Amino acid sequence: MGCLGNSKTEDQRNEEKVQRETNKKIEKQLQKDKQVYRATHRLLLLGAGESGKSSIVKQMRILHVNGFNAEEKKTKVQDIKNNIKEAIETIVTAMGNLSPPVELVNPENQFRIDYILNLPNYKDFEFSPEFYEHTKTLWQDEGVRACYERSNEYQLIDCAQYFLDKIDIVKQNDYTPSDQDLLRCRVLTSGIFETKFQVDKVNFHMFDVGGQRDERRKWIQCFNDVTAIIFVVASSSYNMVIREDNHTNRLQEALNLFKSIWNNRWLRTISVILFLNKQDLLAEKVNAGKSKIEDYFPEFARYTTPDDATPEVGEDPRVTRAKYFIRDEFLRISTASGDGRHYCYPHFTCAVDTENIRRVFNDCRDIIQRMHLRQYELL
């Protein structure tokens, strides 16, 4: 009779059975999630502000996530119009601030500058026909163009010329941005943005983190289980200064940042894919011959193009020398302090050129796969 007190009721046995089955399902799902997690390549996009990181993410969407639908494109119209407003405001403000100042070729346009400088400064500004007329006329003034040519002396968004040239298209009521418009559109990245995509049944998670100095403290929370870092550099920024202090050379800032990441004790086993970006703008500057690299980096005067350099078809030898000099400045850092546990893989990129990014990312996939296998000690 004493044994009867330990017997379980039918309800208790059923409850325990349900609990065991539930636990099995949870364990099975955890194992499945772990497998998916381990099979996912996590890529962290780092780099100084305005280097083109967000454009790389947009390219991944265009190439691997069916791009942007019509509704998403419509939501970017206001941002693009804001880019036009910011561009013309910045240029006409700089005309009086530069030394020596820049004069209008047609003084009758002064009232248009006064109009632009008195515009309200809020995000949802309503763009009138009057705004477009004044902006277009000013953009055609040779004095405004001359000020634009000196844009390395002040802070101007890269897409200024692109969108100012498209005013007649953007102002239309039925305007829908093209993929190229979306790639060019500049919106400050604040925080951390994740993009998920799949290439040949391989899962990728790409994390885009704001590049301005006050955003970098957020980077450390992204470092856990990263497969590789993609470090993006604005190669054309050799004659510009950063927005944060209007003093530090932008390319030097990128070099310093790269060095701090390369030597970070938490990242000693994570390899870096180096995107030497904005090659189109670098070529424009070098070919124009107005801003000489040696004026900002004196060591360039002694630099010779390496024998193994592979220039693009029809590329000016001056451009080849410039881009390889910038590449080698970064490789000097990686080779000086590398201990063989991580490597630097440089690529010349143009983030607004979809075919270029398609080709470069395809070239990088084998490298990323090897890093992933090494990450889980399978190689």
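Heads up, the Cβ atoms here are built off N, Cα and C, so glycines get one too.
As annotated by Swiss-Prot, N-palmitoyl glycine applies to Gly2.
According to Swiss-Prot, the domain 'G-alpha' annotation covers 39-379, on the basis of sequence analysis.
All protein chains considered, the CB of Ser51 (GTP binding site) has 26 other CB atoms within 10 Å. Residues or ranges marked as GTP binding site in Swiss-Prot: 47-55, 182-189, 208-212, 277-280, Ala351.
Secondary structure from DSSP puts Thr189 (GTP binding site) in coil. What Swiss-Prot records for Ser54, Thr189 is Mg(2+) binding site.
Annotation comment: Swiss-Prot describes 204-213 as region 'G3 motif'. Mean pLDDT, taken over the region 'G3 motif' (204-213), works out to 77 on the 0 to 100 scale.
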Open item on the list: By a 10 A CB contact count over all chains shown, which of the binding-site residues listed here is most packed: Thr189, Gln279?
Closed with: Gln279
Task: Euclidean distance between Cα atoms of Ser54 (Mg(2+) binding site) and Gln279 (GTP binding site), Å - done: 16
